[in-house]
Each structure stands twice: as C-alpha cells, then as structure tokens.
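Novice: So Swiss-Prot lists these for the protein:
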ACT_SITE  Arg101  active site
ACT_SITE  Glu109  active site
ACT_SITE  Arg149  active site
BINDING   Asp106  Ca(2+) binding site
DOMAIN    52-210  domain 'TNase-like'
TRANSMEM  13-30  transmembrane segment
Amino acid sequence: MGDSVSVLHPKVLLVSAGFTTSLFVGFNLYRRYCRRIRTYLDLTPSILDNQRQLYGKVTRVGDGDNFRFYHTPGGIFLGWGWLRKVPETRSALKDETLMIRLCGVDAPERSHWGKPAQPFSEEALQWLRNYVMGRYVTITPYSIDQYKRVVARAQVWKWTGRKDVSAEMIRTGIGVVYESKVGAEFGDNESWYRSLQNRAKLLRRGVWSLGKKMTTPGQFKKTYYRGE
C-alpha cells in the first residue's frame, strides 16, 4: 500500500491533463482537416467567414458556371485516390456532394424552361467540362445562394500553375463578370476579373465577338423574368 499513488499526485494530474489536451486537440484537428463536408448543411458559419479552403474532386458539370464537388479532406495524404475512392455512380454520390456556383462569373444561358439558348452557352458548358471534369480542385466557399448552391472560388492545377476557373472563363470570353447585386461574390478579385473582361472585350473573344448583338446573361435573364 505504501507504493500506491494518489489520483491527486502531481504526476497523475499532469498525465491526465496531457491526455485530455491530446484528445481535445485531436478532435479539433479532425473536425478542421479530416471531416468530410458532405452537403451545404455541413458548411458552418466559421468555414464561410474564415474562407477555409476545401480540396476535392469534380464529379459532374451540369451548366456553364457550376459543378458538383466531392470533398476529399487531406487529399492523397489521407488515402484519397489510392486507399479511398471517390464514388462514381449517381446513386452513390447522392447527398454526398456540394453544388458549386462559380463566384464572380456568369456563363451564357442554356435552353431550359421554354427559354431559348444564348450564343456560346454550349461552348461554355463544354469548356468547363474540359477544364475541370474529373479533376481535383480547391474551392474557397463564400456563401450559400437561394438555390442551396455554394458560391465559391475554384482553383485547379495546370501545367502553368494554379488557375482561377472564373478568371479563365472571363479571360477566354465564354463567361462575363457577374452583374447581379444579389448574391454577388468576388472575394478580393473583382477588379482583376473586370480587367480580364476589358481585355477579352477588346480582343473580341468568345461572346464579345458578337459585337452589338451580344446580350449578357444578366440582361438575358431579366428579359425572361428569371433572376439568379
């Protein structure tokens, strides 16, 4: 009995404190870096306010300025791509992805709900598919819009470095700077996006090749009483 150690012994208290601290730190590290963001409901105000970046794979491109994103926290370091696979079927991906609405850019409207298609709408869709479909991208979520889409900046690695997807759309003229004041998000890039648009317009790239016949997506949606 003489060798027994009280639970109040300094060494016991120190070990207990260290163990508790390790659990607390580990839990917070898991929540911040390892927990999957499955849907927009998992995006906490802290994530949006701090503009925390998320890494994942583009699983579907359904329009010229949005896509489905499967979050893969930790990337290759946590086994994604070799130990852990991203689902491929629509049923397996149900309720497991974020719908991303690219920030700061508006693509020409495709034909739906009885509305005619804008020129370059299919080109914009094909461009985005070629640029990001099946690739891993980094998103910076800014907000959630009225359609439950995550308005975000998206960046993807290319041979020439990391590219801002919105900027590249504007640069090539298959997207224009977002015009609506409702839900507009640019991060810190609005002036950059506008300078890229001015150059695309000067060089008559993409939609700007239409000259006076060109109607922006924002103007087009106003004509058909549908705002986004």
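Using N, Cα and C of the backbone, Cβ positions are placed for all residues, glycine too.
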Novice: So what's the average pLDDT for the domain 'TNase-like' (52-210)?
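Specialist: On average, pLDDT over the domain 'TNase-like' (52-210) sits at 96.
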Novice: Take the C-alpha atoms of Arg101 (active site) and Arg149 (active site) and report the distance between them in angstrom, rounded.
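Specialist: Roughly 6 Å, rounded to the nearest whole number.
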Novice: Please list residues from the chain of Arg149 (active site) whose Cβ is under 8 angstroms from its Cβ, counting only those at least six apart in sequence.
Specialist: Tyr40, Asn66, Met99, Ile100, Arg101
Novice: So, in DSSP terms, is Arg101 (active site) helix, strand, or coil?
Specialist: strand
Novice: Would you pick out, from the recorded positions Asp106, Glu109, the residue whose Cβ has the largest number of other Cβ atoms within 10 Å?
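Specialist: When each Cβ's neighbours within 10 Å are tallied, Asp106 tops the list.
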